[in-house]
Structures are given as structure tokens and as C-alpha cells.
Amino acid sequence: MDSRTVGILGGGQLGRMIVEAANRLNIKTLILDAPNSPAKQITNASDHVDGSFANKEDIEALAAKCDVMTVEIEHVDVNALKEVQKQFPKLEIYPTPETIGLIQDKYVQKQHLVKNRIPVVPSITVENSKESLIKTGSSLGYPFVLKSRTLAYDGRGNFVVKSEEDIEKGLEFLANRPLYAEKWASFKKELSVMIIRSLDGRVYSYPIVETIHKNNVCHLCYVPARVPDSVQHKAKLMAENAIKSFPGCGIFGVEMFLLDDDSIVLNEIAPRPHNSGHYTINACVVSQFEAHLRAILDLPMPKNFTSLSTNSTNAIMLNLLGDPETKDKELQICERALNTPGASVYLYGKESKPNRKVGHINIVCSSMKECDKRLQFIMGLKTDPIKHSVMEILNAEEVRKPLVGVIMGSDSDLPVMSAACKMLEQFEVPFEVTIVSAHRTPYRMNKYASEAVSRGIKVIIAGAGGAAHLPGMVAAMTPVPVIGVPVKGSTLDGVDSLHSIVQMPRGVPVATVAINNSTNAGILAVRMLGIHNYDYVKKMEEFLNKQEEEVLQKAAKLESIGYEKYLESK
């Protein structure tokens, strides 16, 4: 796929999963880290470098063997990277040393974001002294968060100062570190998103994720985030704008807070694959790890490559941490996961230690409710008396993926559009039905239309009244055939809807049926599906034969008893 060698600073689980993605694409990777680190365990290259990614000589040794260098952790020696880049002028380093330097010092990162007008929680620099923190408490109020500027992750660099009495504990907890203080953010949800930045500066977003933390460590990720579309859109724009402000390319994890007043502030950025993006391995078209490789090697990034696999894809990621009391207890969770349809287990080749990340489990289903149900079983929250019924549910046949999307601008259109649904049910066509307003939810409409192909939708039936822009706008954004249903409104008897849908410009066709006749839309959709599935052709032939038989029976009856008795019998 690419003849260049990628050198990775760091051989932990993130490096391991980058290597897994690289192996599928025949991309050679070399690792700088300790012997037998997780990433080195799965590649038999003889020229890995044993050493530290914070040591200049070791970085030089790796640089001499690779064409492109990247990181799986930002805690590297940036000055060494800059010197190595001068020493090896053909070597490409992504993210750039400049970007890593801006991000690895979290206070510098915050100042950079403020400069680029990205909303963040207010923060100030502090000295490592009780007097300085007393002043900070007066300035920011209690509680506030004391944070290490560098070498901090998984909550290990944070200390919540609830009152003046906590100051000395905080200084002891974060001793000998450069510090800053952050105002307490009263948030109701933590959100995260993976953003890809290409070599030419374009950015691509993965779905917004809701993260649940336990003891300051990511415990669960829910995808898509359980927040309104408007919140997801705001979070996506904020994250994209933040990443646009940094030079270079690669994947970035962006963490955000959804505050009590529904505003969003950016918490922090990681210039690498991120724990909250592990779900992408099973739930998305391209995983975060492959996307990172595509970015740093300037490989193709096709349309919708960061999308969920289907419109009905839901996922939960569960982190596996070493149990503080029972060694290898997490393996019991893995055992239950192996018995669970839609669950995938990823172990990192690390010795189990208390609260150490040793793996994760991805659960992918067609609904969040089903994901939650399976999560409960995997975590052992379901008791034995109902275990059998739970397993029956888990092993139930998956709902077939929809082939037809039935959409409408308002629930007031549902009585009309339900006829199309009934027709699809009659022909045993799997379909989905939802509300997508061209005027009130334009971003949702755009997402629905642009992702239709990747989700396996073959035909879209769109009903709309009045201005009736929905069918035409959807047809403009997807190669999937669109059938328009003019819905009769309170004025103009639906003629306005008919004209809006049928009068499409050349190049953007909409197959338009009669006013309020979604029955025909359903039948037409089945005929379209019959082009690729002969089962639907046979069912359509049976349907037509049945119609003919009904008409012939009526004709025979009319001819036999005469029109007057026929009318009386109806």
C-alpha cells in the first residue's frame, strides 16, 4: 500500500492498535519503547528500537530507520524532535513538533485555544506554594481544579481543591510539577470527538461521543452521544475549529464539557489516537487508527469515511481495568463478552495491575437500548435467575438492516406516509421511518442523505407538504433514488406540494407520485429493489396477479347480477 516506514514513538496500546491497522495495509512500522511493549508484541520486525521516546539518542536511532515519524503519546522531547528533523531533513514528523509542544503543556494549550477564540474554562498560572493557591481560591472560588501542566493523563495530574484545607494535600499530590489552576466547571455531560486533519489542512469529524468517567479514568463511551442534534453540531464545529488552528496532520482527540446552561467548553486535546475513539474499530467505516495512518501518509480519505457504519449503528465502549482486589478479574468480563453477539474484545498484552488499562470491549447494536442490555450482561449486573432470558435476547436474530428510508417533514404527515410503510411490510421489505425536516432540521437532513449509501439504504421515500423541499433537497445530496410524496395541506389541496416536488431541475430527479398516494411510493420502491433482488420481482408478480384476479372477479359479478344489485351488495 505504501513503501514508506512509519516510526512510532511509544509502544503502548495505542501504538499496538496503530500497528494492527498498518499490518492490514502492508505498511511497515517500527517502535521505540521498552522491549516486549504491547505494540512490539504483534510485529516481528527485527529493527525496533529499545529505549525511551523521551531520549534524544533513542529518537535519533528510530529516525535513521523510518520515513515518517508519529507518536502514540504526547509526552515526548519536543526539542529532540526538532533537532532530529534538522538532522534528517527528509524525515516527516506528524503531528509536527510545534503542535505537540503547544498541546503537551496544558496551560499553553489553553492559551492557544483562547487566542483562537475557542471557549475554554478560565485558568491561571500558579506557583507551587500555599500562599499562591490561597490567592487562587479567592480569585477562582472553591472548588477549583489544580492541574499539572505536563505529563498528565487519566486524571493523574488533577486535584480538586474543595476548600483552603485541601491546598497542602494538592501540593503534595502534584509535588515537583509545573502547575496551573482552573475554575470549576459545573457540567452535566462530558463529550469527546475524534478529528482528522489532512496534510492540506482539511478536517473530518467522527461522531460525538458521551464519556462516563470512574475515578478520573474513562469507563464507558456511548456513541452517538445521548444529547440533541443541535448540541452535537455545536460540539463538532467547536472541535473542528480548534484542530484547524494547529499545523500538521493526524488524528486528535478533543474532550469537551456540556455545561448546565447547555453551552459547551473545550476541556483538552490529545494529538494522537484517543481512548474515546476505540469504538471506531467496529462501529465506523474506517477506524481512528487507520485514519491516522491515512492522514500522515497522505492516503485517500473518501466521503463519509469517518461515519458510523449504518444510520442505525449504536455502540458502547467499555474500558477494562485491572481490579484492585482480584488479579485478572477483568478476564471474567471478557468471557461474558465472548458469549455476547455484537461484542468484540481487545486485550493489550499488558500485565494486570490495579486500575491499569489492560483492554477494552466494543458493543455494537442497532439501538442504544440493546447495547445497554448487552453491557449489563457483560458487566455481570444481570443475576442468575434471569440469565437464561437475557441470553435468549442476546442470541435473538438481529433485525435486518433497512433497505428503504421513509422520511417526512412532520409527524402530521405520518397518516399519509403510513400507507407506504404498510406496503413495504406487505412485501417484507426492511425499512426505517423517521422525521427529517428540510427547514427545521437542515443538518439532520444533510447527515441523513449523505450517509444513506454507506448505511445500505437503496431507496428513499420522502413525503412533504406545502413548500415540500424535502424530497428535492435529499435527492440533491445522495445518489440513492428518491420517491417524492406530495402531502395534501390545509390550503391549495396539495397542488403546491406536487408542483414543488415534480418541478425539479435537470440532473436532480425525484420520482413523484400522486398527492397523498404513498401506497404507490411503497410499490415503486419495491420495484426498484427488484432490479437487484429477484425475490421482490416474484412478490410483485404475485401482487399484480392478485390485483388482476380481484378485478376479474368484480367484472364477472357485475356482468352476472347487473349494476343495481351490484351497488346494493357493496
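The first residue you see is number 1, and the count goes up from there.
Cβ atoms here come from the backbone N, Cα and C positions, even for glycine.
Swiss-Prot lists 110-297 with the feature domain 'ATP-grasp', giving sequence analysis as the kind of evidence.
The local packing around Gly137 (ATP binding site), expressed as other Cβ atoms within 10 Å of its Cβ over all shown chains, amounts to 18. In the three-state DSSP scheme, Gly137 (ATP binding site) is classed as helix. Feature annotation from Swiss-Prot assigns ATP binding site to 137-192.
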Relative to the Cβ position of Phe144 (ATP binding site), how many further Cβ atoms are located within 10 Å?
26
Across the domain 'ATP-grasp' (110-297), what does the pLDDT come to on average, as a whole number?
94
